[in-house]
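Report on the following structure.
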Amino acid sequence: MSELRLGYPFRAMVVLATVLALAVLFIILPVSRGLAWIAAVGVMLMALVAVVVCTLHLNRASEQSLHALAALGTTSAELPMGLHARMPLVLVMGDSLPELFNRGGHEEQLAHVSDGAIWLRVDKPRDLALVGVAVKRWRDGRAPDGVVLSITPALHAGEDALTQALRSARQSISDASRMLGTALPVNIAIYQRLTALPATAPQWYGVSAANRQTDIQRFESAMRAAEAQVPQTGNDPAPAHRAAALASIIGWTRQVVIGSLTGHLQSSVPCALVGIGWIDCGPASGPGSPWARHVRAQTRVMPPPMAASPAPWPLPQPLIDATPRRRWVSPRLAALAHAIALLTCAGALATWGSAENNHALLAHIGAHLGRFSMIPPGHDTARRDALQALVADRDQLDRYARLGVPLRLSFGMYRGTALVPLLNTAIASYKAPPSPPVLIALDSMSLFDSGKAQLKPGSTRALVRALELIGAHPDKRILVAGYTDNVGDAGSNLKLSIARAGAVRDWLVDASGIAVTRFAIQGYGDTRPIAGNDTDAGRARNRRVEIILVPDTPQPPLRVAPKETPSWRPIRLAPGQNTGRRSTQFEPGAWLREIRGPGSTPDACCSQNQGE
């Protein structure tokens with residue numbers, strides 16, 4: 001039964017929709033991972049439920065209709081495969097089905113193929129929906145073309161029993177239409193002996209159209225067709241009897257049958273009645289049949305007993321031929337259209353998600369640019385952190401340019417290329433501050449005797465270590481500063497600090513061979529203590545010589561207004577302090593202000609401290 005696999009690929013469409021939803025959710029949509037996983041679990045659960053329900057439903061329908069489909073496959077084995085979908089297929093339910101299908105022997109037949117249609121027998125009304133679903137799969141997704149409801153009034157004990165059977169059939173047709181997704185057209189075939197004379201070639205009388213057949217005026221054409229045969233038969237009374245009986249049974253059909261199938265007193269959907277046919281053929285009919293009672297009630301005349309027609313009875317092929325064919329679309333084409341619709345929806349959702357992601361990217365980089373521009377140059381640590389964020393953004397955009405833009409930013413929404421020049425300009429505008437000066441502190445008592453400015457014998461070991469550090473920084477200027485405690489008067493202490501700074505400078509020049517122009521000296525006396533002068537230990541710490549290595553960074557010349565005091569001033573040596581070498585004394589704060597900017601002092605520029 002390979003044909004059962006044909007039809008609309010519902011499970012494949014569910015899988016496609018699930019894959020698209022998960023791909024858009026995880027790759028493109030701007031949602032958090034936690035929310036994405038919650039939504040993904042919900043989508044997968046719904047898809048799993050849909051697939052399981054569909055599979056169980058189709059398997060149950062296939063198992064329950066296996067015998068009918070096997071018979072149908074055997075009956076239609078000689079038909080080309082294409083005719084399975086193009087040839088009308090009708091489900092027949094109701095009364096006297098063996099007389100309609102058992103042909104050529106006593107073997108039960110479930111299907112019959114005539115010149116114009118394929119007829120499939122449904123013995124139990126409750127099986128109509130399951131058989132319809134299986135037939136739809138057997139026909140490559142095309143639902144049955146209609147339902148023929150066979151009614152033989154002579155087999156029912158009364159109108160109540162017939163009405164109950166019609167309501168059951170109506171409910172079954174409604175369920176089948178719902179499961180198939182389309183309203184099944186319904187044709188009514190009424191098999192009733194209308195005359196007592198044998199009918200050699202029973203003829204169908206009826207109407208069929210695309211519109212629902214409920215108006216009595218539509219049935220007049222069937223009565224006129226029967227009446228038109230009366231003058232053509234000469235002395236034969238059978239046509240006249242048949243025309244009169246047909247007019248009576250049409251009224252009875254409208255009152256009992258059509259009312260039960262299309263009335264609004266039931267909860268089920270009314271049948272889509274498109275054709276009704278009557279034929280002078282059927283089982284033996286006596287005075288107790290519902291139609292005979294109706295004739296007696298209307299005319300006070302009891303119809304005579306009528307013999308049964310020989311089997312097989314004719315199927316209502318004229319009704320099927322007159323019914324307009326419904327437009328049908330192959331399930332594969334429908335699945336293709338649905339797949340395109342799913343892809344279109346996924347593409348639209350992905351485009352929206354990409355636009356949101358690009359908006360977030362532009363806002364993110366814009367915030368980094370704004371933060372970098374708002375940080376003043378003096379806050380170098382914060383400015384460097386902002387610079388690292390800009391470099392990371394620029395590297396990310398460069399990676400996109402080299403390796404391709406990710407899907408979450410694609411779909412024609414990417415605008416990151418325009419930000420690269422802005423990032424490069426901002427990164428290039430960063431100027432690193434000059435490195436801080438190196439400070440070497442020397443204990444004056446280990447270099448000089450008390451009140452003296454001449455280096456003590458053996459004191460050069462500490463200066464040798466300072467000389468090694470100076471040699472490691474050939475690109476820096478050397479400032480030698482002297483300090484004293486508060487013992488003595490301030491003037492003497494200032495002169496002593498200058499003299500000691502000069503002595504250290506002279507030794508460094510002699511020992512290193514460095515040009516004297518790279519040196520500068522400064523004396524502070526007792527004006528800048530680093531400890532209290534109340535104790536011997538504090539005064540010992542204040543008696544010191546500092547060697548400061550200042551970066552030799554070229555700076556633009558300072559513009560000084562006319563008649564304005566320069567930012568540095570020479571300091572004259574006191575008499576007797578001349579060392580015989582050309583010396584330059586100035587305020588180190590002016591030098592550093594010229595290099596690092598206003599407010600800088602040597603004391604704030606210490607990165608290395610060497611003690612004795």
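Even glycines carry a Cβ here, placed using N, Cα and C.
Features of the protein shown, as given by TrEMBL:
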TRANSMEM  12-29  transmembrane segment
TRANSMEM  35-58  transmembrane segment
TRANSMEM  333-352  transmembrane segment
DOMAIN    435-553  domain 'OmpA-like'
REGION    553-586  region 'Disordered'
COMPBIAS  576-586  compositional bias 'Polar residues'
REGION    593-612  region 'Disordered'
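Taking Cβ pairs closer than 8 Å, the transmembrane segment (12-29) reaches residues 36, 39-40, 43-44, 47, 50-51, 54, 335, 338-339, 342-343, 346, 349-350, 353-354, 357, 407-408 in its own chain, all 6 or more past its ends. Tertiary proximity for the transmembrane segment (333-352) is limited to same-chain residues at least six positions away from its ends with a CB under 8 Å from its CB atoms, namely 8-9, 12-13, 16-17, 20-21, 23-24, 28-29, 141, 407, 411-413.
Applying DSSP to the domain 'OmpA-like' (435-553) sorts its residues as follows: 49 helix, 31 strand, 39 coil.
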